[in-house]
Amino acid sequence: MFFLPAHGCYDCRIVLTDPSGVFTSPCFPSDYPNSQACKWIIRAPHGFIIQLTFIDFDIEEAPGCIYDSLTLDNGESPMNLCGITAKGLSYNSTGNEMIVSFKSDFSIQKKGFNASYVRIAVSLRNQKVTIPQVPDVDAVSVAETVSVPELSQFTLCFEATKGSNDDNDDWKVFSYTDALSKEFFSFGKTTKGHFLSISGTQCVLENALPRNAEFFTGTFQQLCVIGDSFSGSIGVYAKSTYHIVYCPGVFGKVIPGNGRLVLGSNSNEVSSLNGDIYNFRLWNFTMNAQTLANLSCDVKGNIVDWENEFWSIPTSALKAENNLSCGEYASPNLFCLFSPHTCALCWTYCIPQQSVLLTSHYSSDQCIPVFQLNRTFQNWNYTVYVVNISFGVLALLVYNATNNINLEEEDIRQKLISNNGTMEGGYKIHTVDVDPVEKCLAEENPPNYFWPDTRPTTDIHYFLFLLHFTRTLTENAADIANQLLNLTGEGQQLTSDKVNDVVQKLKKIVNNEEIDESLGSTVVTIFSNILTSSDSVLAASSSEALKTIDALALKIQFTGPSMSISTRNLALGVSSINSTSFRGGSFSVSPQNNASDFQIDFDKDQTNAIASVVLPPSLLKNLSQDEFEVISRAQFTFFNKNGLFQDAESPADLTSYVVACSIGNITIQDLQDYVKVTIKHTKIQEDPKPTCVFWDMSKNGGSGGWNPEGCQVDTESNENETVCLCNHLTHFGVLMDLQRTVTQIDPQNTKVLTFITYIGCGISAVFSAATLLTYIAFEKLRRDYPSKILMNLSTALLFLNLIFLLDGWIASFDIDGLCIAVAALLHFFLLATFTWMGLEAVHMYIALVKVFNTYIRRYILKFCIIGWGLPALVIAIVFASANTNASHVYGKQLYGKDANGQGGDDFCWIKNEVVFYVTCAGYFGIMFLMNFAMFIVVMVQICGRNGKRTNRSLKEEILRNLRSVVSLTFLLGMTWGFAFFAWGPLTLPFLYLFSIFNSLQGLFIFVFHCAMKENVQKQWRRHLCCGRFRLADNSDWSKTATNIIKKSSDNLGKSLSSSSIGSNSTYLTSKSKSTTNTYCKRNSHTGDSLSYEGTLLSAVFHGQHL
């Protein structure tokens, strides 16, 4: 028994592609006919599943449904249904297709079934989101599993619509807040215009998005905003135009990590955009105009992407649509009726364009090729126009050869062509081929001839559109790769756009196909052809090409212990490894004799190798158990051409081949034993100064760049090759400063400077402690303000030097938290030292310029609040801006490496350049300018007063002034200014001056502002000396200074300059005697008065002889 297609009611062999619909058994709700064979194929685009619901169901019931039955194939396992049990039930497909088959036998008919179907989107690409209008009610937010890092650069793209009847000009599209709901990042519009808010700074984008024009309308509009804290600019890409808006307020500002990103507004103060949003993507690097112009749906956001796993979206906010820009849909919604007898062979031709989709409706006999055409081009970026549809019909003409009549072939051809005008549906016969078959024996009752019950086969020809390339390809990945091989072969002129298109297609092949050795060899050869192009042609696609090559090495399938593919410009080797018995390994590349390709060897020593990698036995030692179990291969890649490795920021040239090594898909770093990489030079120099580097994909906004971290040059290197020792695996190369553009300090000078610094800091710490102990031990010395300021400065210097001396030792423990704490303390005491030097200048200004009628309550307390509080505030702000990622600001770094990348010491210090230049260089710059100005004012005062004196010779005046200059220079930190002059040819001399004078600052302050003060000497001799050096309490030598100080102290309290230090001149004594009595009579209760002019300049300078 066999089944025929349904007849009498309608054809029931149908392909259903509408988003939803209803279908029934033949003649429903009447009984279905006998001997039916029906088949419904329900298809949806990728990203959807089918949900089938039986509204009504009544089929003859029998055990095992052996008579009448409905077979449901959901893509996993078919099931047979009969009876009435399926009524009201729903079934889901596992994929994007469901097949429903129905058969009936020769007897007993029932009502049948009535079924509805709907496709359900499972991919966010096929859905838009309606922005919630009430905060925290059905909020749409980034999933909690997605961690947003700290952003100093970003690119954000999304599409949005706005209700046509919405006149509100105050709204937000999204908002990013921290745990305390403080907003750090948002985009929206106010009455001032569209804005982008970054860390409290609102940048109005009037130049890019006019205030009076509505950018978002009823149809989706794409908008990209680009932020860069290093340049203080905002980029806006809208309607294929790139604008730059300068916003100085965002300079140096970063968006903190680990916040919450929601679509719409996060508060009731500002409403959300009344519309829909789609394809929201975020990257942590900037994109230029060309990259944004070529941005496709396949480019995923590396921070946030428009995929389900990135978002937490309530079902009520989701809405599937068929016209979304990155959706995955079948081209037209065709309702095709066909049977296997329609035609035996069909084909069609099409031309890719860029306009509307194929939307014409076709009759049932056209549906097969149209459906096949649309399925073939599904998810393709090009649109299809149907030029014509041709059908090849096979017919068997049978006649009885009687009466000696011979039917000629030409007669049959002419008969068919003459009926062209009478054919229905606008069809015409194009060609007729009549082929005679062998003569058949006459049969009185010939049976019917049936062709096999199969779907028509289809031959499809389409064009690969690579800008100016036009080549036909088939659907097979190997054929596509072979065509790309021809398109990139010798003699082909490749442009940047063509190379980018080829790389994108190779990326899809590698990511989507099974890669065997044959296909892998073709792909490697294509990349080798691409590498012959110039650097400018390869620049735009270099990053994607490297990632694709890495993915190819990871995915390629092979048999045996290893496999290798060698081409003219690229060689690839993969070796299987056993993680439990790994004892190290090696990989080498050597030139083949009389061949342009290379020879790849595993675990063999090659004397003529141009590149080799030796893996230590401890390579897998620090891996986790999960990583250890999944390791099965080691990948090696060799690049004969370096066009994919272009780093505009590197001042040196790449002078070697590039070799890469990786273990599975595991990150290998911080190795106990070094990986040994030996690479021949492509440029030979007699006195090479190579630097071992690796290709860091995270540099330059994700495009990559050379990084020397973790690599050093081995002593085995020579002028022909460089031996690198690295503690990680990646792409390795050798850089050389061929033009000698980078100033290098030779190892000998480096050692001398290091020695001077550590010895000087040790001496400075000892004498800073001596100064501090002297003033603490002798109460009479610390009664005046200058002495107290000096004590605070000495304290800051003492701890600065001590922490500096201990820093390298603490860094050797390799404890991140301890290193961060030490770096922060060093930073704090450095800023405290700068601040107290600045307060010395402020004190001098108040004492010398604001002499009359100046009264400041709690003078020293206020100075202490500023001197210690301001540095603490700066450090607190740094930690707050770093949020929980303090390791991004402070941590261990290697300093003092030589030109070969060798040597150096671990040191805990500031890692972030912005923090260093703002809080150290900028902070000191302000203090230095203030102190320098005060230095000039004080020296003018000194010279002016000394010039009026006639009781000293010119030589004495010069010596006194010189001593004042020197003492003020160290007290106010003028020597730190040597750092501003360490440039170009003066670098080395000023580095020596900087190291000597600044490391010994504590010593110089002790000498000029402690040891040379008369009252300090008096206290030392009175309390610390014995014998003839001891000074008696009633000594005439001490009476003069004692009387002066006592009178001043008794009457003035804590005057700014009540302690005349080290000046025993006649002028000082006479001046004091002539002014003290008068002053005391008028100011007997001054307290902290600062108005005594007769206190003299010498007291301010802590004992300089004026």
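Even glycines carry a Cβ here, placed using N, Cα and C.
All TrEMBL annotations are machine predictions without curation.
The domain 'CUB' annotation in TrEMBL covers 12-120.
According to TrEMBL, the domain 'Pentraxin (PTX)' annotation covers 125-326.
The annotation domain 'GAIN-B' is assigned in TrEMBL to 561-742. A mean pLDDT of 79 is what the model gives for the domain 'GAIN-B' (561-742).
The domain 'G-protein coupled receptors family 2 profile 2' feature in TrEMBL is assigned to 753-1013.
What TrEMBL lists as transmembrane segment is 755-778 (among others).
As annotated by TrEMBL, transmembrane segment applies to 790-811 (among others).
The transmembrane segment annotation in TrEMBL covers 817-839 (among others).
If you look up TrEMBL, you'll see 859-882 (among others) marked as transmembrane segment.
The feature transmembrane segment is assigned by TrEMBL to 914-944 (among others). A Cβ distance under 8 Å defines the sequence-distant neighbours of the transmembrane segment (914-944), meaning residues of its chain 6+ beyond its ends; these are 152, 229-230, 252, 827, 830-831, 834-835, 837-838, 840-842, 844-845, 848-849, 874, 878, 889, 961, 964-965, 968-969, 972-974, 976-977, 1097, 1100-1101, 1106.
Listed by sequence, the residues of this chain that lie at least six past the ends of the transmembrane segment (965-984) yet keep a Cβ under 8 A from its Cβ atoms are 743, 793, 833-834, 837, 840-841, 924, 927-928, 931-932, 934-935, 938-939, 990-991, 993-994, 997-998, 1001, 1004-1005, 1008-1009, 1101-1102, 1104. Taken from TrEMBL, the feature transmembrane segment covers 965-984 (among others).
What TrEMBL lists as transmembrane segment is 990-1012 (among others).
Nonlocal intrachain contacts for the transmembrane segment (790-811), taken as residues 6+ away from its ends with a CB within less than 8 angstroms of a stretch CB, comprise 758, 761-762, 764-765, 768-769, 771-772, 775-776, 782, 818-819, 822-823, 825-826, 829-830, 832-833, 835-837, 839-840, 863-864, 867-868, 892, 905-909, 971, 999, 1001-1002, 1005, 1009-1010, 1102.
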